Amino acid sequence: MILDKVNSPEDLKRLSLEELLLLAEEIRSEIIRVTAQNGGHLASSLGAVELVLALHRVFDSPRDRILFDVGHQAYAHKLVTGRKDRFHTLRKEGGISGFTKVSESPHDAITAGHASTSLANALGMVLARDLMGEDYHVVAVIGDGALTGGMALAALNKIGELQKRMLIVLNDNEMSISENVGALNKYFKELQIRKWVQDAEKLGKNILERISPQLFGLVDRAKEAAKFLLHQENPFYAWGIRYVGPVDGHDLKGLVHILEHLKALDGPTLLHVVTKKGKGYKVAEADPIYWHGPPGFDPKKPEKVSKGYTWSQAFGDAVTELAHMEPRLFVLTPAMREGSGLVRYSLEHPERYLDVGICEDVAVTTAAGLALRGMKPIVAIYSTFLQRAYDQVIHDVAIENLPVVFAIDRAGIVGADGATHHGVFDIAYLRTVPNLQIAAPKDALELRAMLKKALEVGGPVAIRYPRDNVERAPEGVWPEIAWGKWEVLKEGTEAYILAFGKTLRYALEAAGDDPRVGVVNARFLKPLDREMLRELSRYKLLTVEDHQKMGGFGSAVLEALNEMGLKPEVQILGLPDRFFEHGAIPSLHRQAGIDAEGIRKALAAMGVALVHERA
């Protein structure tokens, strides 16, 4: 295999074009093989193989800095930069990351995971390069979905102004995770249509030149005038950025030729490359949304694998039903229709649904505008992405106490996506915001109760739930819930475990049937149930949460006890002050000591040794 001979990008420069083409197919096979075992971002990486090979053929990594926005498309990059022997560990605990990571390889120019960051990073690098008198190339590879993000557009504005030498490669596959939305995406599609027209034009030009040179001259002058107008309306020219394209992102020879030419140019240049998401794997080409990030599968007989009924689906089903009951309900999402379980809702209530693209801040402030005019908006968003709209949560929603509901998906440890995606900071940054209430349901039925009640209580409410399966709740059932009140699930005589969110099941498992240990579903963090907390202060208390210990649920409990002048023995279980890498969720919980075994050990340290500990 040719891949066996490739240990660094330098080895690509010694291969013939024919060998590079064969290497592209070998890389695709390896990506399919490993993602079939481990899961991962399959379709994006398959679509970028030729582009990655061309970039490493022309540029000199790691001296030249090649940045991959988000990192979904970087698997080929990992394979040709000295990590092929570890590629089988992709996204596994102790293995290589599914994204680019500075600490993993000198060839990874940035640590990525969130969208739209590459251009600002690249701008910083070219500024540093020029100020330090160094000479290297900076190339930012960004998808058409990520380019719609406000951070990317703001960086383009500054890149055009400063006119520093850098190359932006727009990898246009018409997708992010869901289908792309917005005016810029429509423009990219129009450019692709124009490319088809240009190809037809070339054929007509050859025929016309032979038939009538005079007529050809007239048509050619008209074409030049049209080209001028096209450039005038091209947004990249308006930014002061040279635009080249669109070009075929799977024409390896053509890509190498174009990149060699662009490498010599001064100022900022954008190369528009059109690729096919899932290229070379029929099922991924046919359904790039599902195969964007599939779980494990059989590569010889690839079929969609049911992930079971998830919290995301439970949320989607609940809001779909609620929208039939509440005509003012409106749901927004930042490019996560499928991930947030909103396909059904978007089909049944298209007029009250908005995908704003990868613009979390826009989602939150648009929700504020809706609320100001009498609507009841719900922002469906992952915990890790809500942090990108923190200012809007405070400035646009909370200050005026607007009735916006934040449905926070993927709260807590999320597994194989690692440090950039764990939702373990939202409690800390949200509970400091006045007016904002925070809750976490124990099951899908309680989620339904909280969503319905949240639309009635007034003011902003955050409801957080994990990346996990959950038992389906019956349709049409909307139980009442005592807002702000906790729920005792098991009585105890010596100690109580106060569990918030997903850790409740660990608490019940740890307590078992031991009569000394009680368990509380502490489902409301803000407001805390101070009445119950006062009653429980006669016992030893152990708080448990799938969140950073600092500033989390346990901290809120201690603050409340202090304000009430109560001093029971309290221990807090949560994530320690460090970033957790990728791995299986149960394993990461075990590392953090918030699983059932960790709870039993903490209780034993408090003098309540359970049967498990005594044995």
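The chain as shown is numbered from 1 upward.
Cβ atoms here come from the backbone N, Cα and C positions, even for glycine.
Now, the feature entries from Swiss-Prot:
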| type | residues | note |
| --- | --- | --- |
| BINDING | HIS72, GLY113, HIS114, ALA115, GLY145, ALA146, ASN173, TYR281, GLU360 | thiamine diphosphate binding site |
| BINDING | ASP144, ASN173 | Mg(2+) binding site |
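Between the binding-site residues HIS72, HIS114, the minimum number of other C-beta atoms within 10 Å of a residue's C-beta occurs at HIS114. Put simply, of the binding-site residues HIS72, HIS114, ASN173, GLU360, the one whose Cα is nearest the Cα of ASP144 (Mg(2+) binding site) is ASN173.
Spanning the residues HIS72, GLY113, HIS114, ALA115, GLY145, ALA146, ASN173, TYR281, GLU360 that the record associates with binding thiamine diphosphate, the maximal Cα-Cα distance equals 32 Å.
Figure note: comparing Cβ neighbours within 10 Å for the binding-site residues ASP144, GLY145, ASN173, GLU360, the maximum is reached by GLY145.
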